[in-house]
Amino acid sequence: METQPAKKNISSYIIQSQEDEIKRIAQELHEGVGQTLYSLYTGMQFIQTAVDQPEMKGYIGDMAQMMEKTIQEIRLLAVELHPPALGTLGLLPALKSYLKLYTSTYGIIVDLQNEGKEVQIREQERITLFRVCQEALANIARYADTMSAGIILRWKPGKLSITIKDKGKGFDVDAAMKNSAGIAAMMERMLLINGKCIISSKIGEGTSIDITLPLY
Amino acid sequence: MEYKGCSPGESVLVDQACEKVLTELECDFVGLALQNTDGPDVKWHYAAGNSNEKYKRITVRYGKGIAGKVISTGRPMYVDNFPENIAGKALEYPIMLAEGLKHAYAVPIHFNGVPKGVLLIGNRSEQPISESRQSTARDAARTLEKKLNG
């Protein structure tokens, strides 16, 4: 029979492997495929200037334009998969950048507040906190039926707490816990970094997700 | 930069056209998305029967979301019984989520023969969009096309 620590290790291994793979694909897209396409793009621009035939010039120009769009798409896809800001600038800038994309995708305005000074935390913890916030916001877009939401980050000595709140439809937390893998995954992810995730919701009043992480 | 093809007066005409489609097709929502003039992104510009203002902030990339897909393929798209019968994830359909739509039918709008816009009709109720309503939506798109092409 499996012991609880063994189960925890397996969950941790699966989540970590998945994150590593996502990061690898994002980097490969950005630094591999993206760079190669950029070389082709500059090559096409060079050919365009060298060609005299107007029809062919226009044709190559169209192809270069399409190539430019593809490069942009690949860059955006890589950022969506694994935001580079998460590794270089930290959790807060990565969240700010994600919220811009979130509002322009779902039309929901998110008020982000930060109290205290961001301290350096391990990359695995940054990724976990980011993914939990992403999942909470995705649930708001899918189910909450609201125009706005709020996120508050509080950096205190020894503890980081993040609250994601909305005044949407709300839901039955116990029933959702049984049916939704997303909510269970949020809690599991937080447990794996020794954090906590508490979900409270009232039908007709909204939802609040409180995540906390001890800081050492 | 956003689409700037319409003067304020023309905008009112397009708004009125959306309202007319809403009444004629007896549907819950009508929206018009247009591709930006200087980029591939697609934005919802006009709506009738909207339950909130979220559509005004929604921008999808070319090839993404219903509007982006209809513009990239140049073909109509029917979403039936959302989110049950969909290709991909529900989160890839922002306008369906924003307006709480259950059924939607989207038709391309052409500018100089190139698909640059989308007319979408949708129902929040369980009422699917019949073939005859889809045909009327295609006709409405052609009428709107003429208006927008001036």
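Just so you know, glycine gets a Cβ as well, placed from its N, Cα and C.
Not measured: the values here are computed from a predicted model.
Features of the protein shown, as given by TrEMBL:
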- B:127-137: compositional bias 'Polar residues' (COMPBIAS)
- B:139-150: compositional bias 'Basic and acidic residues' (COMPBIAS)
- B:12-141: domain 'GAF' (DOMAIN)
- B:127-150: region 'Disordered' (REGION)
Structural state census, the compositional bias 'Polar residues' (B:127-137) (DSSP three-state): 7 helix, 0 strand, 4 coil
Residues from the same chain, set at least six apart from the ends of the region 'Disordered' (B:127-150), whose C-beta lies under 8 A from its own: 5-6, 10, 13-14, 17, 20-21, 24-25, 27, 32, 76, 78, 80-81, 103-105, 107-112, 117, 119, 121
Mean of pLDDT values spanning the domain 'GAF' (B:12-141): 92
DSSP helix/strand/coil residue counts for the domain 'GAF' (B:12-141): 47 helix, 38 strand, 45 coil
